[in-house]
Structure formats: C-alpha cells, structure tokens
Amino acid sequence: MEPIEQQLTELRTTLRHHEYLYHVMDAPEVPDAEYDRLMRELRELESQHPELITPDSPTQRVGAAPLTAFSQIRHEVPMLSLDNVFDEESFLAFNKRVQDRLKSTDDLTYCCELKLDGLAVSILYENGVLMQAATRGDGTTGEDITSNVRTIRTIPLKLHGENIPARLEVRGEVFLPQAGFEKINEEARRTGGKVFANPRNAAAGSLRQLDPRITAKRPLTFFCYGVGVLEGGELPASHSARLQQFKAWGLPVSDRVTLCHTPEEVLTYYRKVEEDRPHLGFDIDGVVIKVDSLALQEQLGFVARAPRWAVAFKFPAQEQMTFVRDVEFQVGRTGAITPVARLEPVHVAGVLVSNATLHNADEIERLGLKIGDKVVIRRAGDVIPQVVNVVLSERPADARDVVFPTHCPVCQSDVERVEGEAVARCTGGLICGAQRKESLKHFVSRRALDVDGMGDKIIDQLVEKEYVHTPADLFRLSAGKLTGLDRMGPKSAQNVVNALEKAKETTFARFLYALGIREVGEATAAALAAHFGTLEALEQASIEELQKVPDVGIVVATHTFNFFAEESNRDVIAQLLAEGVHWPAPVVVKAEEIDSPFAGKTVVLTGSLSQLSRDDAKARLVALGAKVAGSVSKKTDLVIAGEAAGSKLAKAQELGIEVIDEAEMMRLLGE
C-alpha cells in the first residue's frame, strides 16, 4: 500500500471510530474541534488524490448532486406495519392470543422498545458498506433515499467488527430531536421559509429533499430496530441479541430497549416510558412489544400486513377543546355518508385540526352533539381527529341540532340505512359524482391498477367535466382531452395516457381489489383470485362457494356475490376487458397429475437462496404440485435449506423431516 493510501485509511478509520463513540456510545473522547481538524485533513488529502476517494469515506456523507426525482426500490422483504393496542386490556388480550397460538400458558419474554415518531427506512449494507437506503413506501415499494441517508451522521457508512454478513438490510426509524426541530422552525421563521407542524413532518421533509446538501443541514438521527435481508452470515436467535450485535457493528440502538418476562413487567415498562415521555428529547407515540425469540416469531407468523408476534402499544392521544362551527356530510366510495365536524382550528399533538370525523348518526346521538357545542378533540392513534365528548356545561343557548340528510348532499338520491348497519348510504351508485370520484381514485391507486401520474385532482376534473363515468372510460381518454385539464400540458397528458396503457397489464388480484367490492381488501382479493383462478369462476360462484375461501365469511361473501349479480357492474367489467385490461391466465394442474418429486408435498423454504429468488422458487415449486408453507410442523414433508438457515432447519431436524439443500432443489427442478 502506498504511503498516501495508508494515511487515508488511517484517517478514515480514526474518524469512523470517533463517530461511533459520539453517535452510538454517547461517549466522545476528543473535542469537536479535534474531529473537525481530522475531517479537514481528510478532505484536503482526498481533494489532492480524488482517484482514492471511496464511497464509505466519512467525507462522502455530503456532496451528491441534487436529484430531479426519487427512483423506486422494491423491498426484497416487505416492510410490514404493526397492529395497535390502546389500553392495558387490549395488550393482555394480545398476550393471550400469542399464548393460545403457541398452545402454552407459560410467560413469554418480550423485547420492548420505544415507538419512535419518525420515518421507517431500510438500509442495505453489502460487505459492511452502505449501498442503498429506501423509505417504507407502501411496504412493497419505497423511494431511493440513499444520497440523503448518507448525510445522517449517526448512520455508519461502513460497519466495523467481525462476522458482518455479506448482505444485511437493517430497518429503523429516522427522526428529528425536538431541539433540532425547534432550531429548524426558528430559522424558517427568520427567513420566511416553511414552518413545520411537528418533528415528524420536519423529518419527512428533510429526508425527501432532492438535494442531499439540504438534508445534511438538518440534525436527523436514527435508531435501528430490525432486519430485512440477511445473506452470507448469521445473526443471534433473539431479537434483543440482534440489536446488541447491531450496536457492536456501529449501528445506533435506543438505550431504552428492555427485556420483560411477564405481562406485568411490560405494563410497568409502558407506564415508565409514558412518564418519561416529556423528557426524552424526541417524539414517541407508544412502545413496541415483540416476542424476543426468533423461533417463536417464525412459529407465530403473520396475518395480512402485520406480524402476530408484535404489537404497538400506543399512548392515549393528546386532546384539546374547541368549538363545532358546523357539521357537513361527505360521500365515500361505497356511498357511505360520513358526518364531519367543522371546528374552530386548534393544535392537537402538534397538528392544526379544523375537521373531525363523527362516523355516523349513532355516534352523533351517543355524543349528544349540537352545532355550536364545545367539544374535546382527540387525535386517535395520533392520526385521525375525533370528537371524544361534548362539554355540556358550556353549551351555548343558540346551539342547533344536527339533522342527518334523507337525500345525498351531492346527487340528491335517497339515503338508506340497512337494518343492523350503522352507516347510511347514498343509493345513487355511479350517478353520484362523489361516489364516482372516490371509486375512480381507488381504481387507479398504487395498490390497485397503479396508474402513475393520475392524482386526485385529475380525477376530480375528469368527473366534473363529465369526461369519465366508469373506470373503463379512463382507457378511452386521449392526450388531447387531458390537455384541456388545469395544469396539464401535452407532455404530462401523454405520460398519463402511457401510464394508463401500461396499467392494462395487471394481476387478477389487483383487478379484483381495484373494482372496489365492499369489504374486499388486498388480502381478500388475493385469496379470491388464488381460490377461483379465473374471473368467470368467481362471477358464477354462489355465496356458499365463496365462503370456502380462507377468511371469507358470510358478510364478505354476500357483498361479493351481490357485486357480480349487479348487471351494471358486469357491464363495466366487460368494458374494461374490451379496452384491453388483462392478466396472465392461471395454469391449474392437479397435484396427482404432475410427475414431480414435489407433487402433493408440503414444502418449507428457509435461509438465503443464491440461484433463484424466494418468490421464483415458490412459483416453481407450486407449478410442480407442491404446497409451500411458511412454517415447519408435523405436516411438513420437506424443508429446503439455503444459506444461513435458522430455526426452521433446527425444528425440521428435531421432527425428523427430510431436508435438502439448494443444489439438490435445483437438480430436482431440472436445472
């Protein structure tokens, strides 16, 4: 190694050491001035020898050119959300569900952490070097924020220590301490810039800057709390031990992580954190409780978009008092009439609130609410403002009754309320402009047909100008017609037309979700698509046949049956197909008809695969007649163990289940 290379390596190592002591251990051993001197020396040497600059150098946190837009990154392992509980009774019910699923009455060890009020991000390290960072996005696809994350000084550009995996994706929260938030807003007021409502918004705005030099000026910080991709290495068998390993590698971890061995200890931890909340120096909105054992986590598995082994125990939402100035009625996608209180604006949990949902007529009656009342407002889950109660002692003499409409406020169609349902609905269907707008917005949304560039304002204009009445009309739009909309130039119009053309190629599950059938969300749409295979089979299914689909009960089955029984809905579907909306035809072959070593077997994949992605491997196995399961049990016939296989492999060996490696799988697949 040349002397200059040796000098650069030593400087970088020294600076990383001091960054680790300062940001992770909170124990700096040199004054800031000495750190700054070392950094200046490194910058000087790198400017003289630019060919020796490395991407993990401490100088490379700042300096990338501004972006014109964020590119998308698909998460190799989905970033799931957590289910919430809001009181001790609900947490104890969660604990009971976990015990019941494990068929055990023994106390569990939980790893308890702060629920930070920031932005969830994933950071990918390859051979210890930071290579990529992304936002959570919709859990499947996020935005590439690598350049911005590199500017956050608490996040190491290079991990240090031994046994670092070849590929390690850590998940965590980027947030803004309250002191930094106040400093940003103080500067914004002084210069006439944007003043943020709360630290979370400020963190989001800082992290999503197209110019990373702006992000670098914001005092963002980070705590890691989990792992996504893991290849070419091993991690400890408990969540808490993994966090300690992360810390040893230089990643920042909250010092409030605590192991609790009984439900009572969890509740004590929750109360203590709630008591300390005002003094932490950063915003949290609860605590996260996770089963500590990775083996038990795998056994518990997931439901829909959340794990069964973890829950967010949210703090009671912050409350304020204000006055109801009026009550208006909004019409949703399925015709639901929702009363909305128009409030005297008031700050609640750092957000200026001027509207609050009243849910339905029963809720108004329960509250005894009148227009003009003084009310208590709560941000439920710190997100959706709600009216909690009426301050009857301060009711003004001129308070007015809330009169629920008998006709739709948008299209004047009759409003009906089905017996047994709390929600009143407009009967206008797609002749109702409000329902039409919301249905179309749902149809083009990211998780449905995902029409890039077609936002809410475009849909509003298309409906108001009567260019579009049904989803099929969207595919008949021309660039010329779109150019007539506000703020829509020829290039933007053509981009929307191109996006519509691209959206015609979809999946059966996305198509079903896009149709907006009542009570049919993404998971149910996927289950229906997998069970019936074709649109024709689903359209002809009886209520009884629909209930044979996993997790489909009488309510969902009835809504689905009624949707396809409605002639106007069938007409819209026919028009969509005529416009070219399509998806791959399923290949359905009975397992007993397949000549394959996997036919009819229940197979579990574990560990990392090098020759196929996990999704590809699953698809190949299913095509050969296998049923691919997520966990090992006595019903498992075969376990395929890739690199760094963990507790699933151990359980398979314990149960005496046949185990093969990836090479043998590829041989049996015919590769």
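Yeah, the Cβs are placed from backbone N, Cα and C, and that goes for glycine too.
In sequence order, Val288, Ala306, Pro307, Ala310, Val311, Ala312 are the residues of the chain that are 6 or more apart from Leu82 (NAD(+) binding site) and have a CB within less than 8 Å of its CB. Secondary structure at Leu82 (NAD(+) binding site), as computed by DSSP, is coil. Taken from Swiss-Prot, the feature NAD(+) binding site covers Asp32, Ala33, Glu34, Tyr35, Asp36, Ser81, Leu82, Glu113, Arg136, Glu173, Lys290, Lys314, and the record attributes it to sequence analysis.
The feature active site, N6-AMP-lysine intermediate is assigned by Swiss-Prot to Lys115, with sequence analysis given as support. Its Cβ taken as reference, Lys115 (active site, N6-AMP-lysine intermediate) is surrounded by 21 other Cβ atoms within 10 Å in the chains shown.
Feature annotation from Swiss-Prot assigns Zn(2+) binding site to Cys408, Cys411, Cys426, Cys432; the stated evidence is sequence analysis. Annotation note: Cys432 (Zn(2+) binding site) sits in a coil segment as assigned by DSSP.
In the predicted model, residues of the domain 'BRCT' (593-671) average a pLDDT of 79. Look at Swiss-Prot and you will find 593-671 tagged as domain 'BRCT'.
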Other C-beta atoms that fall within 10 angstroms of the C-beta of Cys432 (Zn(2+) binding site): 21
Chain-internal residues, separated by at least six, CB under 8 A from Arg136 (NAD(+) binding site): Met79, Leu119, Ala120, Val121, Ser122, Gly142
Cβ-Cβ distance under 8 Å to Cys411 (Zn(2+) binding site), same chain, at least six residues away: Cys426, Gly428, Ile431, Cys432, Gly433, Ala434
Nearest of the binding-site residues (Glu34, Asp36, Lys290, Cys408) to Lys115 (active site, N6-AMP-lysine intermediate), judged by Cα-Cα distance: Lys290
Among Cys408, Cys426, the most crowded of the binding-site residues [Cβ within 10 Å]: Cys426
Rounded Cα-Cα span from Lys290 (NAD(+) binding site) to Cys408 (Zn(2+) binding site), Å: 46
For Asp36 (NAD(+) binding site), the number of other Cβ atoms found within 10 Å of its own Cβ: 11
